[in-house]
Amino acid sequence: MGTVSLAVQLFIVFLLTSYLLNKYSTIRKQNPIVTISTFIGWYFSLIIVFVLPLDVAITFFHKCENDRQRVLNTTSTPAPIVPECELPGGYVPDDVLFDLWRVVYWSAQILTWLILPLLQSYVTAGNFTIFGKIRAAVINNTVYYAIYSLCFLAILIYAMFKGVSINIENLKVILVSASNTWGLFLLVVLLGHGLVELPRSLWHHGNRHYRLRKTYFDIEKLASEKSEAEENVKEIYKKVRVLFNSMKNDQNGQRRKVRTILSKFSDDVIDQLFPSRQVIDNASMEEIGDYCSEAKLINLHKKTIYAVQTLNNATAQWKVLVDRALFLENLAFSESNGYNLDLARNICVPVGVRRFWYTRLQTPFCRVLGVVTVFMTFFVLFSECTFFVVSYTVSPAAFVTEYASNRFHYKYTQFVAFGIIVYLITCAYFTIFRLQIYKYYHLDPNGHTDENSILFSAILLCRLTPPICLNFLGMIHMDSHVSMAKSFGVETQFTKLMGHLDVIPILAKGINIYLPICIILLCAIHYYRVGAYVLHNIGFDQFVESDEMTNDMINSGRSLVQIERNSIKRSNERNQRNQSWTNTITSNTSTTSNAVNKYKRSRKNEEERPMLEEEEEMEEVSSTTRISLSPTEHPSSSGFFDDM
């Protein structure tokens, strides 16, 4: 029964991973290897939400059995009086859980250190053959692997100086410790951001005025990046097009390679940048001749991939921001004037329920949720700073877990552990899904994420899986070698697989000292927005309230949104006129056809009239047709105002 319950939980994670992958990427347009690798990385990273609390509950069950056996061995109390240890919900044998952890851990490690970095370089390589892309990916990652090999060698030499015997088991522990140490530093950075920004984002989400101003600012900030990306793509496309037209024959397969480069420019991109499909030739033949070599074509291909990727990211972000600004403006207008908010129909949720949510429930719900997450943030921070104190149970996470196991039943610790691990994962993964690295990494929730960004997110998630588990077990005093507690007596299956960091003394002691300090320091930096103020003062655009430059950008963003609104309005009116004009033509054509047929039938058995009278009648019919076909208003040319 426990195995079936675990299988159901894993299936739920499978559905959640499929939903997220479909939400953030276009599966049909991606390389299947990229999709499969990313899915596995995300899936194993989300599995710990259910597997780790189950491991904790089963460990408490083993502790209960050990305590019961100790009581039976040291006292003369009859066996029926000593309470039996009840199996936790979803109990599975230790070997099943251990094998599951082994698959999850080593698959995540192989993905994050070997497969995913190679795939990242593969999808961005400019080579034209599969072998060439693989070769370029290996060369690009050579420096990457060399640096990490040197770090592992340094840790190995340090362990030898400390007297650690170098055998297979210790080598595995040293390798795992080195990987987890890097993951812990990454976790500290992500938690330092997520523990502060998640409650702040929820609180601001309930403030529509703030959201609208922030959206205006982001639109103005993105406008210059989008314009720069468009100009870059235009320049590259002109060069590639002229190069393709200059090659009259396919000598050495060069024309075929240039055609491959041209295929990277989709029809949507070309229609957006060149509405009239006229490419102006600004490149001289001398400049074009430099691109005829293999190396130059590979470099041009790589630049094309990067430029198109940057433009697609900017366009996707632009559409999301403009739609958000228009919706918030409509919402504010409907509330201030007492009108009902006009919403598109949805199959799942009725319009009335959605309107009530946006106008009445969203703000108080987000504020309450923000207060709850603030409490959870202080709960986690205090636990991080006190988990190494074991003389008394000071860590709130350890205290709640122990209280649930002693006061109620140890099986309730599974629910407590589930709540804590969900918040930790939410804060860490919130940063990953919201993170934006300029022109390199951005996850778009509307399915426009490029392959490089989706692979980079899988690398981060796989790298975070073991550190999150290790940090959580230390917070609740379940890893004795982290918390230095010696009285628990049993270990989780995760700890049995991983080993302990105390094989390397500097790592074992450093976690207790530097991990809490770094998290508190980063949380303070993000809370006071030190980084934003520093970047703002040195010239980078940052959203700073009550700042003149920020207000100017907000006003500029509002003007851009108004331009987009007018453009959409003209487009809708033009479509309505065209549709009305089409319906009018269809109706008049049908009426004219019926009149002619009726005329022919009525004249079939009558005597022939004079030629002049017949000509006058046909001229009258023709004149009527011409008048009905003449539109009362001349339709505007398609896209005329949009081009302006």
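The backbone N, Cα and C atoms fix where each Cβ goes, and this holds for glycine too.
Per Swiss-Prot, the feature coiled coil maps to 216-245; the stated evidence is sequence analysis. On the 0 to 100 pLDDT scale, the coiled coil (216-245) averages 89 in the predicted structure.
The annotation compositional bias 'Basic and acidic residues' is assigned in Swiss-Prot to 567-576.
As annotated by Swiss-Prot, compositional bias 'Low complexity' applies to 578-594.
Annotation comment: Swiss-Prot describes 621-644 as compositional bias 'Polar residues'.
Marked as N-linked glycosylation site by Swiss-Prot: Asn73. Packing around Asn73 (N-linked glycosylation site) is summarised by its Cβ count: 7 other Cβ atoms lie within 10 angstroms of its Cβ, all protein chains included.
Annotation comment: Swiss-Prot describes 567-644 as region 'Disordered'.
The annotation topological domain 'Extracellular' is assigned in Swiss-Prot to 1-4 (among others) on the grounds of sequence analysis.
With a threshold of 8 Å between CB atoms, the same-chain residues lying at least 6 positions outside the topological domain 'Cytoplasmic' (28-31) that come near it are 123, 451, 454. Annotation source Swiss-Prot lists topological domain 'Cytoplasmic' at 28-31 (among others).
As annotated by Swiss-Prot, topological domain 'Extracellular' applies to 53-102 (among others), with the evidence given as sequence analysis.
The annotation topological domain 'Cytoplasmic' is assigned in Swiss-Prot to 124-145 (among others) on the grounds of sequence analysis.
The topological domain 'Extracellular' annotation in Swiss-Prot covers 167-172 (among others), and the record cites sequence analysis as its basis.
The topological domain 'Cytoplasmic' annotation in Swiss-Prot covers 194-369 (among others) and rests on sequence analysis.
What Swiss-Prot lists as topological domain 'Extracellular' is 391-412 (among others).
The topological domain 'Cytoplasmic' annotation in Swiss-Prot covers 434-453 (among others).
Per Swiss-Prot, topological domain 'Extracellular' is recorded for 475-502 (among others), and the stated evidence type is sequence analysis.
Per Swiss-Prot, topological domain 'Cytoplasmic' is recorded for 524-644 (among others).
Helix, strand and coil content of the topological domain 'Cytoplasmic' (124-145), in residues and according to DSSP, is 16 helix, 0 strand, 6 coil. Away from its own ends, the topological domain 'Cytoplasmic' (124-145) comes close to residues 117-118, 257, 260, 297-306, 452 of its chain (Cβ-Cβ under 8 Å, at least six residues beyond either end). Within its own chain, the topological domain 'Cytoplasmic' (434-453) is flanked in space by residues 22-26, 30-31, 34, 120, 123-124, 197, 306, 309-310, 312-313, 315-317, 319-320, which lie at least six positions past its ends and keep a Cβ under 8 Å from the stretch.
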